[in-house]
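K.L.:
So Swiss-Prot says this about it:
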CARBOHYD  ASN88  N-linked glycosylation site
CARBOHYD  ASN190  N-linked glycosylation site
CARBOHYD  ASN314  N-linked glycosylation site
REGION    1-24  region 'Disordered'
TOPO_DOM  1-38  topological domain 'Cytoplasmic'
TOPO_DOM  60-242  topological domain 'Extracellular'
TOPO_DOM  287-325  topological domain 'Extracellular'
TOPO_DOM  347-351  topological domain 'Cytoplasmic'
TOPO_DOM  396-460  topological domain 'Cytoplasmic'
TOPO_DOM  482-515  topological domain 'Extracellular'
TOPO_DOM  537-610  topological domain 'Cytoplasmic'
TOPO_DOM  632-649  topological domain 'Extracellular'
TOPO_DOM  671-719  topological domain 'Cytoplasmic'
TRANSMEM  39-59  transmembrane segment
TRANSMEM  243-263  transmembrane segment
TRANSMEM  266-286  transmembrane segment
TRANSMEM  326-346  transmembrane segment
TRANSMEM  352-372  transmembrane segment
TRANSMEM  375-395  transmembrane segment
TRANSMEM  461-481  transmembrane segment
TRANSMEM  516-536  transmembrane segment
TRANSMEM  611-631  transmembrane segment
TRANSMEM  650-670  transmembrane segment
Amino acid sequence: MNDTEKPADTPSEEEDFGDPRTYDPDFKGPVANRSCTDVLCCMIFLLCIIGYIVLGLVAWVHGDPRRAAYPTDSQGHFCGQKGTPNENKTILFYFNLLRCTSPSVLLNLQCPTTQICVSKCPEKFLTYVEMQLLYTKDKSYWEDYRQFCKTTAKPVKSLTQLLLDDDCPTAIFPSKPFLQRCFPDFSTKNGTLTIGSKMMFQDGNGGTRSVVELGIAANGINKLLDAKSLGLKVFEDYARTWYWILIGLTIAMVLSWIFLILLRFIAGCLFWVFMIGVIGIIGYGIWHCYQQYTNLQERPSSVLTIYDIGIQTNISMYFELQQTWFTFMIILCIIEVIVILMLIFLRNRIRVAIILLKEGSKAIGYVPSTLVYPALTFILLSICICYWVVTAVFLATSGVPVYKVIAPGGHCIHENQTCDPEIFNTTEIAKACPGALCNFAFYGGKSLYHQYIPTFHVYNLFVFLWLINFVIALGQCALAGAFATYYWAMKKPDDIPRYPLFTAFGRAIRYHTGSLAFGSLIIALIQMFKIVLEYLDHRLKRTQNTLSKFLQCCLRCCFWCLENAIKFLNRNAYIMIAIYGRNFCRSAKDAFNLLMRNVLKVAVTDEVTYFVLFLGKLLVAGSIGVLAFLFFTQRLPVIAQGPASLNYYWVPLLTVIFGSYLIAHGFFSVYAMCVETIFICFCEDLERNDGSTEKPYFVTPNLHGILIKKQLVPQKQKE
């Protein structure tokens, strides 16, 4: 295409996307004389933060995290709480787990059976009647059985009296602790679900029950725990591993820092390390999954599906299924193919991205303080996350114990009514409904505060998202100001002022808090809409038809595209704010027009650079994830012994992997912001100047020559 055929220079396009910048001899980079922008949004933002602090204080007064850390028995007492009779009894035991199959489980959020705190779970099959027979010969049988009874229980009671008083379970069976609760110790034998090598067992009432019935009951309890916000139940694992998680995240931070420093000197070589490392790690994962899948083909029990075994306490059971490893292998193969195809089709653009990264390395070399800034972002994000988690836990555990009537037979007209366990046996309800129990149900209340707790949860989440996006926006604006100062210095480094990052950070806080809050508010609103959409999808999953599922899928896709597009525009708007000091809307408009006038350059440089850096993030997260997996599963010999007795190790593992990726993202975003700022400044440089003696370019000759070679500079600029 010759010059006359290029549509980029037509008047209509200039009219649509604004006039190009003109030469200004006084322009030397970020404007010093500024005024406050988007003041109204700044005031709203500050008021929301004040309200957030007040909410946290109120939640702290009313909440009790022990309710999340410890299970609660039928009397409302905590299991495992220090300084109480249950201090050494850390596990919750269900008298009759089979009752948890009742539909009232999800309706009342409580399994209609007595629950007590125990120090360990049963290890064998034994009924109460069998225990009484053995007790006459050996008193130790009662000593073992009484661990799972109330303190008032006596071994001489008849089975009828036992059922009436509800002092002991009629039968016990091999169990294991899961989420601090005794659940059946399931296993598979020749493709059949068993407990202790048995498929049938005695229920203590003269009947024979199937192990499958226990599986259904266990799944009912798991659904109940989901209804009570299962996320709070992992609090114990976090309490045991928080320092190991911090160590893993610190290692990720150091590793990311090392990569950033190496990018300063060996960007091209390091890219190949990223590429080979990511492809190698994924390839090893595929090979490992294939080996496991092949080995399991010889086991008959491995043909069961995940749906067949349901939700089980023994997580290793899932890794004994062919379906699990086959699914993992397919997912990894898809990821591997996508990465390889992107490397093949983007190989020429990747070369340009590496060149831009090298140029960005020079900028970081002149402004080395930018390598330290991610630590500040990490600290601020950690504060926001910790405050959100603590506030959410205290809100979720606010209230007083609420007790409700539970009738095991389900034939009591007073079922689900509130009651007082201290006087329940003397009330008319106990007489009208023999066998009814007054059990602990949940923590709640009828005060104004308790009525608005769901609203407070929404507010907590929304302000958290707003603060997270504000911290990210603040970092982007500060870094953009520092790198813009570098670019618009004619003689580098002589013309670069002292402390450019500190100056840019101070300007962003002093003058542009409102603009940054405005941009982050837009992102937070979009993210809230996405969360609400996912919540509705979860609640309405059973009532959905094909059309509604299709519409929800379309909405997810649209919101994802919208969020990423707004994030891209926001980043460039923050660059304009850092340079010119205008309000958010004006800066976003100027950035959009500038990008549209240089759309070819954007397509070649921007997203490809992010892809190169994305490989680095994957390598950091993957490396730390492998180490964390070996450590939390006790497969990595270390000087200090790792945490033991975790409910499930993937809680800290996923936290470390996800946190490592976020940390790597924070550090690599320095390079991403550097390249994007240099690119925006370069586009403005081409519009303001023509390379002559009177209007020299600010871009380095090396970068300018490379971009000309790659045909990223209009022909009129070459001449």
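The backbone N, Cα and C atoms fix where each Cβ goes, and this holds for glycine too.
Relative to the rest of the structure, where do these features sit?
P.N.:
Close to ASN88 (N-linked glycosylation site) in the fold, though at least 6 residues off in sequence, lie GLY80, SER119, each with a CB less than 8 Å from its CB.
Among residues of the same chain six or more beyond the topological domain 'Extracellular' (482-515), those with a C-beta under 8 A of the stretch's C-beta atoms are 27-30, 34-43, 45, 363, 366-367, 369-370, 373, 474, 575, 577-579, 581, 583-584, 587, 673-674, 677-678, 681-682, 685, 696, 698-700.
The predicted model assigns the topological domain 'Cytoplasmic' (537-610) a mean pLDDT of 82.
Long-range contacts of the transmembrane segment (39-59) within the same chain: residues 387, 390-391, 394-395, 398, 449, 456, 459-460, 463, 466-467, 470, 513-515, 517-518, 521, 584, each at least 6 residues beyond the stretch ends and with a Cβ under 8 Å from a Cβ of the stretch.
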K.L.:
Are there 3 or more C-beta pairs under 8 Å linking the transmembrane segment (611-631) with the transmembrane segment (243-263), counting only pairs at least 6 apart in sequence?
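P.N.:
Stretch pair touches.
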K.L.:
In the topological domain 'Cytoplasmic' (396-460), how many residues does DSSP put in helix, strand and coil?
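P.N.:
The topological domain 'Cytoplasmic' (396-460) comes out at 21 helix, 16 strand, 28 coil.
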K.L.:
If contact means at least 3 Cβ pairs within less than 8 Å, sequence distance 6 or more, would you call the transmembrane segment (326-346) and the transmembrane segment (352-372) in contact?
P.N.:
no
K.L.:
Sort out for me which stretch, of 375-395, 516-536, 611-631, 650-670, has the most Cβ pairs below 8 angstroms to the transmembrane segment (266-286).
P.N.:
611-631
K.L.:
Are there residues at least six beyond either end of the transmembrane segment (611-631) with Cβ under 8 Å to its Cβ atoms? List them, or say none.
P.N.:
244, 248, 251-252, 255-256, 259, 270-271, 273-275, 277-278, 281, 339, 342, 346, 350, 353-354, 357, 638, 642, 652-653, 656-658, 660-661, 663-665, 668, 671-672
K.L.:
What are the helix, strand and coil residue counts for the topological domain 'Cytoplasmic' (347-351) according to DSSP?
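P.N.:
Once the DSSP states are binned, the topological domain 'Cytoplasmic' (347-351) shows 5 helix, 0 strand, 0 coil.
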K.L.:
I need to check the long-range neighbours of the transmembrane segment (352-372): which residues 6 or more away from its ends have a CB within less than 8 Å of a CB in the stretch?
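P.N.:
Contacts with the transmembrane segment (352-372): 257, 260-261, 263-265, 267-268, 271, 479, 482-483, 485-487, 492-493, 496, 499-502, 604-605, 608-609, 611-612, 670-671, 674-675, 678-679, 700, 702-703, 706-707, 710, 712.
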